[in-house]
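Chemist: First the structure, which I've put down as structure tokens, then a few questions once you've had a look.
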Amino acid sequence: MNCFHLDDFLAGWIGGASSVIVGHPLDTVKTRLQAGKGYKNTLHCVLQIYRKETVAGFFKGLSFPLASITVYNSVVFGLFNNTQRVISKFRYGDGRQPCGMLDLTLASMLTGLMSVGLGAPVDLVKIRLQLQTLPCLAENLNIAGTTGNGNGNIAVRSVTLQGQPTYRGPIHCISSTLQTEGIQGLYRGAGAMVLRDVPGYTLYFIPYALFRRWLSPEGRSSPHPCSIWLSGGLAGSISWVTATPADVVKSRLQADALHTRKYRGIVHCIVQSYKAEGIHVFFRGASVNAIRGFPMSATMFLGYELSLQFFRGL
């Protein structure tokens, strides 16, 4: 198809790699707050990780996101921009025709839906690697339910005493999940991810387009890097804060199989979380998401736009 461009995928890969390095430490804090117990607030979580695991604790599981989320972001940005061209080709007969807000909204929602196919396994492995540190296991005994005899401490504490993590790395995590849960295990939490990403990407790309338009001077052929950075950061904060409730449910479902299954599905997870911790549980990590979303998305969009300008200038 003549409206299909590969440079969008490559630019998305570069932007994704930059954003993962910038945002992973706060992503670890966010995951611990959402899926674990024993942390009073964001600052307490940060201090606990640093005291018990040093700086390395914030980068737990970085290798897999760096290798996979960069590909995921490449797919997201490639899908989003090429979907816009397909829509323009279908509606106006010209893939180069700029999309209106309705077209951008449709492209964003389709991107969020399609991205789950790759994003769900990536998120699941990332979260399980982030949550398997020994101090985290000791403090989060209720994260995944109880053992068969009703005592939730025995199996987890035995892992802690032996000093053996559940997974040796991302490949071992994938193979173990496939062996114990099947292919559906890799997609645990995918339904909650759809609920997060379809509206989430709409509130990601649309605010970015609006902010970039408002911050760009009249007559300028391309936006200034500062406008891109600020627009991307604001869009990221908006998107992540509004997606927090669905993100909490997704994180809990994906972390659930670390030991023994606790949640039967999305609705059961929502009901049980609400009964145990109240409505505020669905906004756990919102402040981290707002803070983390800004530099990650600012770096993502800046890397993407500058790379795209470079490739198209060759």
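Cβ atoms here come from the backbone N, Cα and C positions, even for glycine.
Residues or ranges marked as repeat 'Solcar' by TrEMBL: 3-86, 99-214, 223-310.
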Chemist: Give the residue counts of the repeat 'Solcar' (3-86) per reduced DSSP state, in the order helix, strand, coil.
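Modeler: Breakdown, helix to coil: 70 helix, 0 strand, 14 coil.
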Chemist: For the repeat 'Solcar' (223-310), what are the DSSP-based totals of helix, strand and coil residues?
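Modeler: The counts are 76 helix, 0 strand, 12 coil.
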